[in-house]
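**Student:** One structure, pasted below without further comment.
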């Protein structure tokens, strides 16, 4: 009888361990979702930039205009040199991941799978986009995903229909994108990750540098005017100071290992009224026919004048 509780306990531990790994693997979208109700602040900055401090470019492409209740695609590009490696949480080097948040106008949302054309599904691949929250289906997030496979992403989107959604009008709307490659430099609580520069907290002389232990890193002892202090450097950044060196407060003790960064982009899209297009087509046809009749009338007048001259 005593073996069953042990088996059940092992099962619970395994489930918890697996959940912890997955939570860590999908860390940075969850950081934003758990700490910010809206990913875009009042000043226009997307909250991912609070942890990803370096600036890098991103690109966003959407159609100039779409019709109501139609599926269209947004092309997202997060370019970077795919030969470079980043510092991982354990201090070793690895490939960069990418992630993004796409803020759509109210009413726009991820297109249902049964409405996405097969050709567009092939472009999307195995990416799984999820809403920022159950109340904000117009905000989509994805990542971290391998940058070598998904530095370019296609998002299938569904335009709203003002005929059924009275909160939507035929207008021009903004779309905002935030995209990052690589790990962040800060955690949401403000603490540094090992993908950051570590600096001296006081002026003094370095008297000792010793390995920190099995996990890697270093412990630096600095003799200051107030006595000795220690600086703990995690595995990842490379030391740029040596024993016996005199340093100043805020002087870097390590290099900057970060090779990634975050970028923002925005564009506009017009939700076009089909009646306006139909009206424009009718107007252009009318103009064409009018011009055609004028040309024919002119030719007729010229023939009459020529006949009168010959007579």
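Cβ coordinates are placed from backbone N, Cα and C, and glycine is handled just like the others.
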**Student:** Do you know which of 257-276, 277-296 TrEMBL annotates as transmembrane segment?
**Tutor:** 277-296
**Student:** Enter the number of other CB atoms within 10 angstroms of the CB of residue 51 (heme binding site).
**Tutor:** 21
**Student:** Neighbour count, 10 Å Cβ-Cβ cut-off, for residue 48 (heme binding site): what number do you get?
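**Tutor:** So the Cβ neighbour count for residue 48 (heme binding site) comes to 24.
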**Student:** Measure from the Cβ of residue 52 (heme binding site) and count the other Cβ atoms within 10 Å, all protein chains considered.
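**Tutor:** Other Cβ atoms found within 10 Å: 26.
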